[in-house]
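So the structure is just underneath, and the comments pick up after that.
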Amino acid sequence: MKVFPAVLFLITFWSLEWEPVLPDSIIHIGAIFDESAKKDDEVFRMAVADLNLNNEILETEKITVSVEFVDGNNPFQAVQEACELMNRGILALVSSIGCMSAGSLQSLADAMHIPHLFIQRAPAGTPRSSCPPTTRAQPDDYTLFVRPPVYLNDVIFQVVMEYTWQKFIIFYDTDYDIRGIENFLDQTSQQGMDVSLQKVESNINMMITGMFRTMRVEELHRYRDTLRRAVLFMSPATAKAFITEVVETNLVAFDCQWIIINEEISDMDVQELVMKSIGRLTLVRQTFPLPQNTSQRCVRNNHRINTSLCDPKDPKAQMLEITNRYIYDTVLLLANTFHRKLEDRKWHSMASLSCIRKGSKPWQGGKSMLETVKKGGVSGLTSLLEFNDNGSNPNIHFEILGTNYGEDRGRGVSRLATWDPIHGLNGTLTDRKLENNMRGVVLRVVTVLEEPFVMVSENVLGKPKKYQGFSIDVLDALANYLGFKYEIYVAPDHKYGSQQADGTWNGLIGELVFKRADVGLSALTITPERESVVDFTTRYMDYSVGVLLRKAERTVDMFACLAPFDLSLWACIAGTVLLVGTLVYLLNWLNPPRLPMGSVSSTTLYNSMWFVYGSFVQQGGEVPYTTLATRMMMGVWWLFALIVISSYTANLAAFLTISRIENSIQSLQDLAKQTDLPYGTVLDSAVYDQVRSKGMNPFERDPMYSQMWRMINRTGGAENNVEESKEGIRKVKYGRFAFVWDAAVLEYVAINDEDCSLYTVSNNVADRGYGMAMQHGSPYRDIFSQRILELQQNGDMDILKLKWWPRDSPCDLYSPVGTRKSGSALDIHSFAGVFFVLAAGVVLSCLIATVETWWTRRKGSRVPSKEDDKEIDLEHLHHRVNSLCTEDESPHKQFSTSSIDLTPLDMDSLPAARQALEQISDFRNTHITTTTFIPEQIQTLSRSLSAKAAAGFAFGAVQDHRTGGPFRQRAPNGGFFRSPVKTMSSIPYQPTPAPNFSYGNDPDRGTSI
């Protein structure tokens, strides 16, 4: 069945090609085609044959044609052939040539009044460029432009805007007229786009080989980055060869996104381009709407078109070029025009015109024929063919095809949108079924371990590592929704990445730049420097700079009570107590006070010290001081003690109720102002680059960052900076160091610190964010960003955050000291020193008491001789009695022992008065201590003694063997001591009849009377 049309076509072709113009034929059409467009001639003759077989249009009339082939870039040849056709007599001229030759034919047609239907043809199938102004449609011109104006600039600009491209390269082949995209370049320049141009030589292999031979490695890497986004103004054949070459030489990767724009892209070309390309491919081509009724697709204007041309599934129809379609519709339009002219009986016969003959007149029927053609319109292979007042065809439609995402080269192609001059872009270039198309796609993810974003959850020998963290949870949420899978690995150098001196990038960013990974995931911040080499999704968490510091340690200081004063001050106070005590003693010794009868002076050095100490601690003194010098001294001392004690009390309250913060840093400004506490960050990180840029850039220099940069960059950055964040956190915890890093990371560290010894300080200004990095031009960026926004809108992102940053943390993240249970209560540690001093005093007192008891018992075990005891006790008695005789004002009284009567003494009461015993030393430089007693009865006895009896004492039967003598001096304690001139003789003991007194074993008594 398919053989017959082909045979019929060949028979018709040969018969028309060699058939001369019939003398009785009134319809003659001339045609001039480019010599390389043999297919135009084939379709032209096929259209004439179809119309000659259709009796409904021209009835009995037949169309005859004359075809000439010319060089498309030779205007003189085109004019010469056109004149030859006009000399034969033609009703219309059809041409399918380039703009250069068309301009000459336009002038000739205007001069000869021959309707000229021009079908612009681009050389070698390259995209069309607008013809020069002299070749464009004018209202009074005889040239009609069958093909619509060139709208490629408008279409490609809207596509690029839809893709939000900011940087790309345009490739064009040698046959393309670069002047055709002048308007497009102007539009991109106004939008601030960075567009590069590169001409593709005819020998593509040699061109690529030359680039590899002449470019350095760094230049090739940059060139690969440029190729991620490209627009190709090429013929389908050149585009196939170019794509094949760059893919085989590994100049492009699966993240590339290319746009091929050309009206002349057939269905077969689309399939071949998709098969050869990788990444995402977008194709823009002209399309022709088909009737929705499939049975009417080959019936147009009462004319049945050849099935091989109108059936989209027919291979011959798929191979049709756009110029072929317009040529067929042009013949159909002329046939309908001739039909109307015949019906209106306004037919003008053909005339033989001479272009060379001088004074040749134009065709008289040309104007009428032109108006009839312009008013007509047909629906053919190009949908609707008609002309406006300017003589151009306004009907044009474009379709935008796009490949699915993924690495499978056998993926399909779908229509993403359409475009026309009236409605513009109709549709979206985003594949709505992307989530289904990503199923089966395996992404290679590079990461850097950073708590809590990415952590190793399980590491079993021989099995792949398992990761967890906030960023991993976000990636899993995307994978579950979009259907892709991923393989994850850690960056070899464990760095986020920065640009090196040679222009290359290291770390995680370097893995993306060198195409070793598809996605970069961690606590990765979005910075302008990184955005210049990689693409980022929208931020999934805000970012701010923070500082990690160690809280002030609440150490147990048992002697915190001594903290208000410095050790040197305490030493001065102790020395002052000793000095003042000594001065008080000396002042009293030099000018002793006058004591009343019966008083005992206690102004010893020990008592003076005790008095000064007691007054210092506000406990008062026991010994009265009456001299003016001593009182003056004590008054000044009390004033001194008042000031010292008041100052101590106030400072002690401050020390015990207010925690002294060693590190009072509450903001980045506080950190920058101080220099005592060193601080730093991670080398080659975003924080490092941020501090450096704001601290050194003269256009955005910040004083705070300038101070921080001086500290961070000390000794070239090696002193205060670390290689990874874990090292910085460790330095803070176990040393004097402040770590400047991402606030989110530091908050997680402070929350999970076992002893809650860390706190954070941040600026709370989220000028940046965390995002997922992808290769430049990655097709996954937009859909990832869209899904992240959905997670944020429905609250799922907040749930993931609470998993790693809980609100009910046991640690206070922002307090520089440990929290207390009560704001006013003081703990035992604040007063431990006081209790220790008290305990030490108790122990020391017990020890002294033990020593005293031991010493007393040891002293009592040494029993003295009776002679010594008798002599000393009796002598003491004399002294004590003399001290009671206050009637006589003489300081030196002489007594006679015979005048003293001891009989009235109640000796039974003497043992009860043992508490009145007193240790006195009345004998200087003798080292003899006498033990005596002053019973209450002796005071009564002293009152009965007369001043006259002071000359001597009657002791009854006691014989006085003592040689009397005067006492020359009074002892300081109020008693007497022996004169250094007279030496008292011993008084022998004589028994006196009296009751027996039993003192028991009294160790304090040496003599019994």
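Keep in mind that glycine also has a Cβ here, set from the backbone N, Cα and C atoms.
If you look up Swiss-Prot, you'll see GLU531, VAL534, ASP535 marked as Ca(2+) 1 binding site, on the strength of similarity to another entry. When secondary structure is read from DSSP and collapsed to three states, GLU531 (Ca(2+) 1 binding site) falls in the helix class.
A 10 Å cutoff on Cβ-Cβ distances gives SER757 (Ca(2+) 2 binding site) a total of 17 other Cβ atoms nearby, all chains included. For ASP753, ASP755, SER757, the entry in Swiss-Prot reads Ca(2+) 2 binding site.
Annotation source Swiss-Prot lists N-linked glycosylation site at ASN293 (among others), citing sequence analysis.
The local packing around ASN306 (N-linked glycosylation site), expressed as other Cβ atoms within 10 Å of its Cβ over all shown chains, amounts to 22. Annotation comment: Swiss-Prot describes ASN306 (among others) as N-linked glycosylation site.
Per Swiss-Prot, the feature N-linked glycosylation site maps to ASN390 (among others); the stated evidence is sequence analysis. DSSP classifies ASN390 (N-linked glycosylation site) as coil under the three-state reduction.
Taking all protein chains in view, 12 other C-beta atoms sit within 10 angstroms of the C-beta of ASN426 (N-linked glycosylation site). DSSP assigns ASN426 (N-linked glycosylation site) to a strand in the three-state reduction. The feature N-linked glycosylation site is assigned by Swiss-Prot to ASN426 (among others), with sequence analysis given as support.
ASN713 (N-linked glycosylation site) has a Cβ environment of 19 other Cβ atoms inside 10 Å. What Swiss-Prot lists as N-linked glycosylation site is ASN713 (among others).
Per Swiss-Prot, the feature region 'Disordered' maps to 989-1009.
What Swiss-Prot lists as signal peptide is 1-23.
On the 0 to 100 pLDDT scale, the topological domain 'Extracellular' (24-566) averages 85 in the predicted structure. The topological domain 'Extracellular' annotation in Swiss-Prot covers 24-566 (among others).
Feature annotation from Swiss-Prot assigns topological domain 'Cytoplasmic' to 588-635 (among others); the stated evidence is sequence analysis.
What Swiss-Prot records for 657-830 (among others) is topological domain 'Extracellular'.
Among the features that Swiss-Prot reports, topological domain 'Cytoplasmic' is placed at 852-1009 (among others).
Taken from Swiss-Prot, the feature transmembrane segment applies to 567-587 (among others), supported by sequence analysis.
The transmembrane segment annotation in Swiss-Prot covers 636-656 (among others) and rests on sequence analysis.
According to Swiss-Prot, the feature transmembrane segment maps to 831-851 (among others), an assignment based on sequence analysis.
The Ca(2+) 2 site is set by ASP753, ASP755, SER757; from the centre of their CB atoms, other residues of the chain with a CB within 8 Å are LYS551, LYS733, GLU754, CYS756, LEU758, CYS811. For GLU531 (Ca(2+) 1 binding site), applying a Cβ distance below 8 Å and a minimum sequence separation of six or more within one chain yields no residues. Among the recorded positions listed (ASN390, VAL534, ASP755, SER757), ASN390 has its Cα nearest to the Cα of ASN426 (N-linked glycosylation site). Of the listed binding-site residues, namely ASP753, ASP755, the sparsest CB environment within 10 A is found at ASP755. In the three-state DSSP scheme, ASN713 (N-linked glycosylation site) is classed as coil.
Cα separation, ASN713 (N-linked glycosylation site) to ASN306 (N-linked glycosylation site), rounded: 80 Å. Sequence-distant neighbours of ASP535 (Ca(2+) 1 binding site) (same chain, 6+ apart, CB under 8 A from its CB) are ALA773, MET774, GLN775, HIS776, GLY777, SER778, ARG781. The distance from the Cα of ASP753 (Ca(2+) 2 binding site) to the Cα of ASN390 (N-linked glycosylation site) comes to 80 Å. Nearest in space to VAL534 (Ca(2+) 1 binding site), taking C-alpha to C-alpha distance over the recorded positions ASN306, ASN390, SER757, is SER757.
Considering only the recorded positions ASN390, ASP755, SER757, ASN306 (N-linked glycosylation site) has ASN390 as its nearest partner by CA-CA distance.
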